[in-house]
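Trainee: Got these off TrEMBL a minute ago, pasting:
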TRANSMEM  28-50  transmembrane segment
DOMAIN    42-290  domain 'G-protein coupled receptors family 1 profile'
TRANSMEM  62-83  transmembrane segment
TRANSMEM  103-121  transmembrane segment
TRANSMEM  142-164  transmembrane segment
TRANSMEM  205-227  transmembrane segment
TRANSMEM  239-261  transmembrane segment
TRANSMEM  273-292  transmembrane segment
Amino acid sequence: MERVNQTSSVSEFILLGLSSRPEDQKPLFALFFIMYVVTIAGNVLIILAIRSDTQLQTPMYFFLSILSFIDVCYTTTIVPKMLVNFLSKKKSISYAECMTQMYFFLAFANTESYLLAAMAIDRYVAICDPFHYVTTMSRRRCALLVTFSCSISHLHSLLLVLLINRLLFCDSNIIHHFLCDINPLLKLSCSSTLVNEIVINTEGLITLVSPFICVIISYLRILIAVLKIPSAAGKHKAFSTCGSHVTMVTLFYGSIIYVYFRPLSTYTIKDRVATVIYTVLSSMLNPFIYSLRNKDMKRGLRKLMSRRMS
């Protein structure tokens with residue numbers, strides 16, 4: 001374990017990753033390299049299919065294309081450094097690089113959270129108020145929702161990084177994680193983290209819970225509306241338009257709640273595994289979840305492939 005002068009802050013951190021055993025490094029490298037390639041290829045295909053097919057120029061697919069772009073940025077913030085560290089003896093990351101990674105990691109994670117909420121609103125309007133769907137979910141309003149999602153997420157991320165930056169790390173510089181996240185850094189600090197914890201439990205909680213509550217309310221109202229539909233076929237059609245999104249919401253929010261809605265003292269290796277789910281795994285599964293269960297996306301992808309091959 002590396003120690004530094006106890007009167008000054010560290011200049012770099014050591015990321016222990018998912019495992020410290022040497023025999024695990026190459027298999028983990030191969031696994032995450034494949035996941036990263038699949039994530040990039042799958043999400044880029046989703047974006048290209050939506051952009052090239054006029055029948056996919058709807059609010060739902062507009063949000064999906066932005067979500068795919070965020071997933072590409074999200075994983076690129078995390079995975080390349082992981083891959084380098086899997087093959088490195090000294091798994092170091094500079095202080096500045098650590099703060100930068102944390103800023104973009106938090107910003108993209110929160111943007112994804114707000115985009116999932118926007119997509120839930122879109123499904124609510126489509127099912128509960130279909131006659132006003134075109135006017136309610138206009139191009140301008142969709143653009144405003146995306147702009148708001150990005151703006152509030154980056155401001156939230158900036159606040160948390162600035163608060164982390166004021167802390168001292170003067171004992172150990174070993175981070176028990178594969179990325180620079182808030183909880184392991186707070187546990188590592190040798191100065192008071194009271195202000196950080198208050199902000200996380202107030203502003204952070206509001207920022208994270210607000211879109212989740214929006215999703216819950218949207219789907220409760222969708223459920224009530226669908227249950228009023230007399231025919232079984234009508235109910236199935238309505239539910240099928242939400243299935244992919246519900247799967248993504250469950251995967252994303254379920255793992256985030258497990259990691260962040262528990263006391264800091266209970267942070268363990270299980271939290272690292274849960275972080276993999278809402279960062280790398282959900283971004284990789286996004287293209288499959290939305291394309292394999294969606295006839296329009298399948299058609300769009302077939303058109304894109306045939307156009308590229310001709």
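Backbone N, Cα and C define each Cβ position, glycine as well.
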Trainee: Might you confirm whether the transmembrane segment (28-50) is in contact with the transmembrane segment (239-261), defined here as three or more C-beta pairs under 8 A between residues 6 or more apart in sequence?
Mentor: no
Trainee: Could you tell me what the rest of the chain brings near the transmembrane segment (205-227), counting residues at least six beyond its ends with Cβ under 8 Å?
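Mentor: Distant Cβ neighbours of the transmembrane segment (205-227) are 110, 113-114, 116-117, 120-121, 123-124, 127-128, 152-153, 156, 235, 238-239, 242, 246, 249, 253, 256, 260.
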Trainee: Determine the mean pLDDT over the domain 'G-protein coupled receptors family 1 profile' (42-290), rounding to the nearest whole number.
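Mentor: For the domain 'G-protein coupled receptors family 1 profile' (42-290), the model's average pLDDT rounds to 86.
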